[in-house]
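Engineer: Summarising the annotation, TrEMBL assigns region 'Disordered' to 1-54, 374-399. Under the heading compositional bias 'Basic and acidic residues', TrEMBL lists 34-51. Among the features that TrEMBL reports, active site, nucleophile is placed at D118. Annotation comment: TrEMBL describes Y173 as substrate binding site. What TrEMBL lists as domain 'Pseudouridine synthase I TruA alpha/beta' is 209-313.
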Amino acid sequence: MAAAPIKDGLSQPPDTKETRKACALQEEPGAVEENGHTAKRFKPDHEEQNKKTPKRKVVLLMAYSGKGYHGMQRNVGSSQFKTIEDELVQALVGAGCIPENHAEEMKKMSFQRCARTDKGVSAAGQVVSLKIWLIDNVVEKINEHLPSHIRILGLKRVTGRFNSKNSCDARTYSYTLPTFAFLLKDHETQEESFRLSQETLGRVNELLALYKGTHNFHNFTSQKGPWDPSAKRYIMEMHCEPPFQQGGLELAVIKVKGQSFMMHQIRKMIGLVIAVVKGYAPMSVIERSWGEEKVDIPKAPGLGLVLERVHFEKYNRRFGNDGLHESLDWAEEESKIESFKKEHIYPTIIQTEIQEKSMSTWLTTLPIHDYDASSTQNTGNHKGEAAVQAVSDEEGGSD
């Protein structure tokens, strides 16, 4: 008896396209068939679809108002203190740029921030590096899931080994403050009516210029002794710009550019200059603070500190013109940066100062500091302190 003929197609392997489609679908219960059994409906699994597309290493240019947040860096598993990265990661998942498990283990997307800005500190030019799925209109879709005071202003492809922290050559911060901070002590002029003279501005810049170069800033942070090599920092530029009026106050902006900064370093650098200009401390205290002895240095309020820009000169020279990658100078995004500062950062600084008077309150504490103290009794075991690494602003953090 002859064998039955094999029907067309039964001996053929299954269609690979159909197999892939089936794998990319997931069951969705809920529908009921006519016989009463639950039907199996299918919907596309976007995460499965994205898995077929390799992730790419990119950098995101971020701007944010830091008021109400406990800094930039995310504390996974802790919802008590909300950070900027909490908002960012949630937006990345919502936009379909990363899978949910990457949100819990950020190392899976090779995430790195350039600076770990401190509580309340804002940024106009923060940069983070990470691997994401490059979906269509990626920047717009991320921003759709972010509050208006946090924006992604730009995105660029970078080399696979790029690390925003390690590749950064320098950081520029600004500190916006009311000019009455430089009013001489015991002066009868009302704070609101004070106007900064050219002579006083020159005096401020004379003092700020002393910081330029490499110095031992162990007195400008915590838990670092004078023998700790990481306490030495290089300052490229520091100056105070001409004042301007806004919101009924005269304000001035201090700019500082350095390779990196330790926790509270910038605020203490500015706090000490204010103490000298106002007449509470001698000019010599600045250079004395770089010595081995412990010096009592006041820390200016956090309000007003902004991460303005991060610099990648070495990376740009090597890869910026290789035909494959873009230079990380963000010149085309400059107008967006300025608009964000005017809309979200400066108004917050001014309104908070007017309402909470943080600078006025802090100025009343300047007389309690002992600027002439030269005793080492409070220095403790500096070599032991050197082993305790203080969290640094730019080495993963902000001032």
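Cβ coordinates come from backbone N, Cα and C, glycine included.
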Engineer: Which whole-number value in Å describes the distance between the Cα atoms of the residue listed as 'active site, nucleophile' and Y173 (substrate binding site)?
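Structural biologist: Here the two Cα atoms lie 13 Å apart.
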Engineer: Restricting to the domain 'Pseudouridine synthase I TruA alpha/beta' (209-313), what is the model's mean pLDDT?
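Structural biologist: Mean pLDDT, the domain 'Pseudouridine synthase I TruA alpha/beta' (209-313): 95.
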Engineer: Taking each of the recorded positions D118, Y173 in turn and counting other Cβ atoms within 10 Å of its Cβ, which one has the fewest?
Structural biologist: D118
